[in-house]
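Listed in Swiss-Prot for this protein:
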- 1-11: topological domain 'Cytoplasmic' (TOPO_DOM)
- 12-32: transmembrane segment (TRANSMEM)
- 33-45: topological domain 'Extracellular' (TOPO_DOM)
- 46-66: transmembrane segment (TRANSMEM)
- 67-374: topological domain 'Cytoplasmic' (TOPO_DOM)
- Thr110: phosphothreonine (MOD_RES)
- Lys190: ubiquitin cross-link (CROSSLNK)
- Ser221: O-linked glycosylation site (CARBOHYD)
- Thr328: phosphothreonine (MOD_RES)
- 375-395: transmembrane segment (TRANSMEM)
- 396-402: topological domain 'Extracellular' (TOPO_DOM)
- 403-423: transmembrane segment (TRANSMEM)
- 424-429: topological domain 'Cytoplasmic' (TOPO_DOM)
- 430-450: transmembrane segment (TRANSMEM)
- 451-475: topological domain 'Extracellular' (TOPO_DOM)
- 476-496: transmembrane segment (TRANSMEM)
- 497-510: topological domain 'Cytoplasmic' (TOPO_DOM)
- 511-531: transmembrane segment (TRANSMEM)
- 532-552: topological domain 'Extracellular' (TOPO_DOM)
Amino acid sequence: MHCERFLCILRIIGTTLFGVSLLLGITAAYIVGYQFIQTDNYYFSFGLYGAFLASHLIIQSLFAFLEHRKMKKSLETPIKLNKTVALCIAAYQEDPDYLRKCLQSVKRLTYPGIKVVMVIDGNSEDDLYMMDIFSEVMGRDKSATYIWKNNYHVKGPGETDESHKESSQHVTQLVLSNKSICTMQKWGGKREVMYTAFRALGRSVDYVQVCDSDTMLDPASSVEMVKVLEEDPMVGGVGGDVQILNKYDSWISFLSSVRYWMAFNIERACQSYFGCVQCISGPLGMYRNSLLHEFVEDWYNQEFMGSQCSFGDDRHLTNRVLSLGYATKYTARSKCLTETPIEYLRWLNQQTRWSKSYFREWLYNAMWFHKHHLWMTYEAVITGFFPFFLIATVIQLFYRGKIWNTLLFLLTVQLVGLIKSSFASCLRGNIVMVFMSLYSVLYMSSLLPAKMFAIATINKAGWGTSGRKTIVVNFIGLIPVSVWFTILLGGVIFTIYKESKKPFSESKQTVLIVGTLLYACYWVMLLTLYVVLINKCGRRKKGQQYDMVLDV
């Protein structure tokens, strides 16, 4: 016992020293600015910090590639499908078409005997349509429904402790005695809905799969995740490949679709190689039920800075698994399609909310670095502090008073994006990933200031994405973007003022003209390809009915 405690202390000290040393090393490399390659007049340079970031991308891609090879090798792994599985669907003001597609995909799941529990966040007449769709798709004679006036934590009007306990027991009994059940309950947020499903199921099943009501599941999605959990008893949770259902509806949803592929098949695949996936996504994930019930109460009652947390449910659920020392994995063999915002403002609000949960959970996650591979510490430091270095770099370049610095920054952003997207195109075998380089502009212009705003308002939970039936427009997300553009505009004005004081040399004029032409040609080429792709694929997808997720 004492030996284990001593080893634990050593691991805590070791991972802490590693993380601090890594951060100090990166900071020193950035401040010193040592250059390996440098041309006259600083038209081009490649330094120590740039080399470190390039190495990170290469190493991350390598381990992602190795993890995908492991996934392919497990293709023929035979397993016994004798474990019990329950699918929990969280629903809130869902678009009727998306909900119907979700439930139709649930009916096509190939895992035998899977139990379906859908909990609707809201019990008013306006929410009844979701229960009607559930009964229609799942079969009125094969499913049960229940309208609960309260939930596990809030009593209904005029309800006593005893009647509340009886209604809670009734919900539990309905869930345990029916293969398919839909219950409506008093509004309480997604975490309340998930808690109801987990609590009602109790320990009656081996594995619990989670799903959102805007998600279309591939028929084999449950089977593939069960395979991962069955192969290693120390894997506590597994997530699948989440793709975009409405990717051709707007430029935002299209760029999100290529970003999703990178996030899951490069970043999370790399994390999976080391058994430390940071977030098992809500649309497609599965957990060992025995673990869930070790922390479900703590998960529900999570507080941050004195307030109960109302977002980041999936990320904290993953963190709770990691806190017990269990691994979390990703499998590209389990797939689903999900809806993503098609309006810029709704996307921006969604990203801000996700950034809040990321930074909050980063702090929680840091307490368990010592229980996992050093890669978990390494990646947390890199991804957690990268936005701050990037902001410092952008401001520095824009306020140096040299127009070439601004142009070089724009060219570098696109070049790095093009290199990453080219590798992704090779790995995926689809040229569409080249558009990932366009996402870098969206990241620099919108997501970067949104991250800073998320930190500044990390304890505010009053806004985010709304239900899909009624879209609520929230303009607060434009505040950080407006501030960011004002800062950049100030740099541009300062640069024009400085450069106007002295004429350009002939060599400088040539470099600026060539750089501008390259940048313009790049945009013309990619935008032309985008228009062609949308015209070709977007029309084909409209009105198409999908029997399988993989058809999309």
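Glycine too: its Cβ is placed from the backbone N, Cα and C atoms.
This view paints the features noted in Swiss-Prot onto the structure.
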residue: Thr110; record: phosphothreonine; Cβ contacts under 8 Å, 6 or more apart: Pro219, Ala220, Ser222, Val223
residue: Lys190; record: ubiquitin cross-link; Cβ contacts under 8 Å, 6 or more apart: Ala90, Tyr92, Asp121, Gly282, Phe311, Asp313
residue: Thr328; record: phosphothreonine; Cβ contacts under 8 Å, 6 or more apart: Val235, Gly236, Gly237, Val238, Gly239, Gln271, Ser272, Gly275, Cys276, Val277, Gln278, Ile280, Thr318, Val321, Leu322
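Take the CB of Ser221 (O-linked glycosylation site) and look out to 10 A: across all protein chains shown you find 29 other CB atoms. Residues in the topological domain 'Cytoplasmic' (497-510) partition by DSSP class (helix H, G, I; strand E, B; coil) as 8 helix, 0 strand, 6 coil. In the predicted structure, the topological domain 'Extracellular' (532-552) carries a mean pLDDT of 60. Sequence-distant contacts of the topological domain 'Cytoplasmic' (1-11), counting only residues of its own chain at least 6 positions beyond either end whose CB sits under 8 Å from a CB of the stretch, comprise 370-371. In the three-state DSSP assignment, the secondary structure recorded for Ser221 (O-linked glycosylation site) is helix. Note: the topological domain 'Cytoplasmic' (1-11) comprises 10 helix, 0 strand, 1 coil (DSSP; helix = H, G, I, strand = E, B).
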